[in-house]
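Asks: This is the structure, below, for whatever I ask next.
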């Protein structure tokens, strides 16, 4: 498709992204929409999709590590950016230099932030993480933690911007544990209010909670997977939110040949032809994020029809049986590995089911060896070739 690229690419539909963002904004109906763009925006290319998010309702961004935030700042992104995870003390200067907000879950760490901020004549903006039942980072919701956060609020050069927690089961039909977590969160907030600790923005709503738990929408929400067109599970109420997948993974046929019956395909002799077969080679493999765990399960879309991947997926190539595909398939034919054409689809949900994992992992797996091609109004507006 693209003369200057290898014949494997991920198409990123910015119109679908904009549509998802608009629907999320409408459903959330709150002040702060913190778009989750960690892991390079779940594999979609953070620098290239953030402008679309901001244009359509995102007011802030969240990343997992400080380097992701720095990349956005260097790319000209000026809106608030917070780090959801831990930033080592050795990288605090980087946080402050680029005006990136930091998650805090201990008094000692806050003191280090305060010292560094004083030294640099900066104000460290922070979000207090509360562990309401995830067992991950965060203050436990008890009296000692309330006193610690009060002490943090009094440190020089520290500004508490928000307080947040994370649901562990909001994407499940049974919301009992989510109700427990919400209660813990609310009690902790009331404890801070009692101590006159000012919290500007409470945010606990993840993708599933935005859809199913309107009572968790406070001053802010944190949409993640739903930005990219996928539901967090099959147990959420999908009627609440219309989503369109943003990414398609495509390639081209690079070789076709007839293989006699009784011949082996790929490593390990795990697949043997039981008839004369027409085999197409695709220049995509597990180094691109098309995992070899799909052996014996994967299908691709070619000429609007499904064709099975045969033999083990190699690091850089895989083979497809196109014997039963109608039409004259030639070298250069477009193949869809993740996506849809003429009502035939293989999406990240389908692949996740084959692998026994979640759609998040499938789209995050697409490696930076795969160029990202950005589509708007049906036209290519940008290509990001990482290598």
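In case you wondered, yes, glycine gets a Cβ from its N, Cα and C as well.
Here the structure is a predicted model, which means the values were calculated and not measured.
Here's the feature list from Swiss-Prot:
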ACT_SITE  38  active site, proton acceptor
ACT_SITE  267  active site, proton acceptor
BINDING   136, 315  substrate binding site
MOD_RES   38  N6-(pyridoxal phosphate)lysine
Asks: Quick one: among the recorded positions 38, 136, which has the most Cβ atoms sitting within 10 Å of its own Cβ?
Replies: 38
Asks: Using Cα coordinates, what distance in whole Å links residue 38 (active site, proton acceptor) and residue 136 (substrate binding site)?
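Replies: Cα to Cα, residue 38 (active site, proton acceptor) and residue 136 (substrate binding site) are separated by 17 Å.
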Asks: Can you tell which of the recorded positions (267, 315) has the fewest other C-beta atoms within 10 angstroms of its C-beta?
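Replies: Fewest other Cβ atoms within 10 Å, among the recorded positions 267, 315, is found for 315.
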Asks: Do me a favour and check the Cα-Cα span between residue 315 (substrate binding site) and residue 267 (active site, proton acceptor); whole Å is fine.
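Replies: Rounded to a whole number, the Cα-Cα distance is 11 Å.
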Asks: Distance between residue 267 (active site, proton acceptor) and residue 136 (substrate binding site) at the Cα atoms, whole Å?
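Replies: Just about 41 Å between their Cα atoms.
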Asks: Please report the DSSP secondary structure of residue 136 (substrate binding site), reduced to three states.
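Replies: In the DSSP reduction, residue 136 (substrate binding site) maps to coil.
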